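Scroll down for the structure; my scribbles are underneath it.
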């Protein structure tokens, strides 16, 4: 039997229409390619290469500084006065500063016992510490459980206050601000803040308070986060790599050079007088912690980062929770930059170099450029040059610079070096969400003030949630389908196929891998998945 061609099976009119459409598209592409597409793509490549160089210089600078800090043993205990606070027979416990410990929470059923228990277990004279639980829970059952837990610790002699309010205005910032208004707070000198999933070690205050007690120019002492669930899944391992670089390098460098870094919102102790002088908590952005840190820094206050003091915390293990968190962490700084750039530039209380550091290094390069160049350059512009061979990217910009940046970023987690390729692909996918969030923050549109509390599973992931996962999961297909990831994945796959057929740069090796990463995350096969009951 003779083979029947596809053209023979199609109606002649349809075949003609299809050919006409193809010819028209080809004609239009040919007409706009040289005068419009090529010049625009060349400009985009130039801008992206410039941003890559800026990011590269920033990473190399921080690598040099952190190497020096580690080699000379430039620890905070050597830079500032630090000695244990000792008993005074004459004044008794009055020799110890009064410390307030705030724990803001919102429907934290899985972790409220862990955080309250850890706070109540802090070693400090019992009459010189107040535990304040700020419960914004809307679930009456959870609210009742948290109150009962506070009562249980109060019956053991712990000075613990359970505080609620009748609204959630300002979210976390609003809760912390309300918490500072209570009369007993006036007795306190310092305030330690822990999110609901954080568990400080008993000696936390003994190691942080001396910095504040003996150095009146220090406003904040920040500890490092330690992740209790980093081995839960591949996604938590990827997060650990990113955050370890932040704590091992970025925070350490900022503390060592300019005595400034972004407050992480938890696991830190503030001097209350500095907090009030800076204007207290403000809810104008979703990064109230960074907002406070910048305002305090502009008034001349110094910050200290203690990298060898670690506080246990939980990483978001579901893709949904992680996306919401990254939106907030990317949109907030960009929006804060929009609101404060001129205030920083006009400030007269800090040096020019510190202003340059805050505006350029801290905000512009790390919070804006890093997100935009990662997605726009490597997932949009570079693939586009495959379709427009007249535009070429130099090898140093396409290979050498990103390779060096990646290696420098990975030094914070040596145990995960074998996952470096997975981390690159994962970060590039997440850069799409961070880029969108960054533009939302800069333009102050849409979801700019969206605040979704990061879901915590606590012990539940090994208990109830794990039990659910053993059963056949029940979920709607739409719960795991992410169209934006699938769309970018299809674009990258098409560019990879085109490069394999007609290209000369061998970008298809990268494009295929990156497209598969977008597809995997687009279909929701990343992180843990806890189906609805």
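Cβ atoms are placed via backbone N, Cα and C, with glycine included.
Automated prediction, rather than curation, is the source of TrEMBL annotations.
TrEMBL lists 43-69 (among others) with the feature transmembrane segment.
Summarising the annotation, TrEMBL assigns domain 'Glycosyltransferase 2-like' to 191-381.
Annotation source TrEMBL lists transmembrane segment at 368-388 (among others). Residues 33, 37-38, 41, 44-45, 48, 51-52, 54-55, 330, 333-334, 337, 398, 402, 427-428, 431-432, 434-435, 437-438, 442, 488, 491-492, 495-496, 498-499, 503, 505, 507-508, 511, 514 of the same chain lie 6 or more positions beyond the ends of the transmembrane segment (368-388) yet place their CB under 8 Å from a CB of it.
The transmembrane segment annotation in TrEMBL covers 400-426 (among others).
The transmembrane segment annotation in TrEMBL covers 481-501 (among others).
According to TrEMBL, the feature transmembrane segment maps to 507-530 (among others). Below 8 angstroms of C-beta separation, residues 232-236, 316-319, 322, 378-379, 382-383, 385-386, 421, 425-426, 428-429, 457, 461, 465, 468-469, 473, 475, 479-486, 488-493, 495-497, 499-500 of the same chain, each at least six residues beyond the ends of the transmembrane segment (507-530), sit close to that stretch.
Within the chain, the transmembrane segment (43-69) has long-range Cβ neighbours (under 8 A, six or more residues past its boundaries) at 248-250, 252-253, 256-257, 361, 365-366, 369-370, 372-373, 376-377, 381, 384-385, 391, 393-394, 397, 401-402, 404-405, 408-409, 411.
Distant neighbours of the transmembrane segment (400-426): 52-53, 55-56, 59-60, 62-63, 234-235, 237-238, 240-242, 244-249, 378, 513-514, 516-517, 521, 526; these residues of the same chain sit at least 6 beyond its ends, with a Cβ under 8 Å from one of its Cβ atoms.
Averaged across the domain 'Glycosyltransferase 2-like' (191-381), pLDDT for the predicted model comes to 96.
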